[in-house]
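Listed in TrEMBL:
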TRANSMEM  13-34  transmembrane segment
TRANSMEM  41-59  transmembrane segment
TRANSMEM  79-96  transmembrane segment
TRANSMEM  108-130  transmembrane segment
DOMAIN    116-215  domain 'CAAX prenyl protease 2/Lysostaphin resistance protein A-like'
TRANSMEM  150-171  transmembrane segment
TRANSMEM  178-199  transmembrane segment
TRANSMEM  254-273  transmembrane segment
Amino acid sequence: MQVFSNREGQLHLFWRLLLFPVCLAALIFPLLFLRSSLLQFFFGSFLLVGLLAGWATWIDRSSIKRYGLSFDWVIARDLFAGGLVGVMAVGLIWVVSDRLGFFGTISVNRAAFDTLFWLFLLKTLLVAFWEETVFRGFLLVNLLESLSDVLGRQGAMAGAALLSSLAFGAVHAGTSHFSIFAFMLLTLNGIVWCIPILMTRRLGLSIGMHALWNFAQTKMFGFPMSGNPPEGSLIVADLKGPEAWSGGAYGPEAGLAGIVGLITMLVLAMAFCRATSGRQRS
């Protein structure tokens, strides 16, 4: 029995899931001394890509495309489409909330488009890139390939999506106003964002959806986002609806409104993946 590798000479899943985070933590540790979280994520993104490229080359004997990353026009297209999907999902939540009479006063903040607005957009893109690359790139792909021999292809896809999404939900436990409902919705969120890479083996759409889902909540439509209150949002709305719908102080990711958004993202993402994969085959 080989302790470190399988018959093909690849590291066992246990060692992959242990060594990669350790290497990543060692690389990004100096960035903790930077006062700006934006700069931490900016420089950290380069370190993450570098580590993943090296890991793919020397450990996997493959390329970084194995983990859904390809720096070409396709990822730019997918990012843009994913961003539209994220905004549309949150926009639908806002419209439904309005139709149900869950808003008090509503106003438009004409000063929203300041420097902080655009810097926050950049930060949400970087955070989404990080989380999608780690959870839907490295973790999902390794789980999928390791479980395939045991569960078969379809079973491995379901198992890998569930396990990686449970981990995704769990890492948010430290956020303000976190609850079991938030954990459940974040896990479902992770599963939805697994779908594009399972269908296309590309991360661009998931990164775009993730980034603009977060950004649209707190900077466009005035919802709390993962326990963070909206600041400088384009639309300022006094939400009066029940917490079971709105998610309360945590935001839509802890309420029924979030399920509406997730279903919207799932339907639109699957439609986009099917349309673009058909076009590429032709």
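Each residue, glycine too, has its Cβ placed from N, Cα and C.
Worth saying up front: this structure is predicted, and the values here are computed from it rather than measured.
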When DSSP states are grouped into helix, strand and coil, how many residues of the domain 'CAAX prenyl protease 2/Lysostaphin resistance protein A-like' (116-215) land in each?
88 helix, 0 strand, 12 coil
Suppose you look only at the domain 'CAAX prenyl protease 2/Lysostaphin resistance protein A-like' (116-215); what would the mean pLDDT be?
96
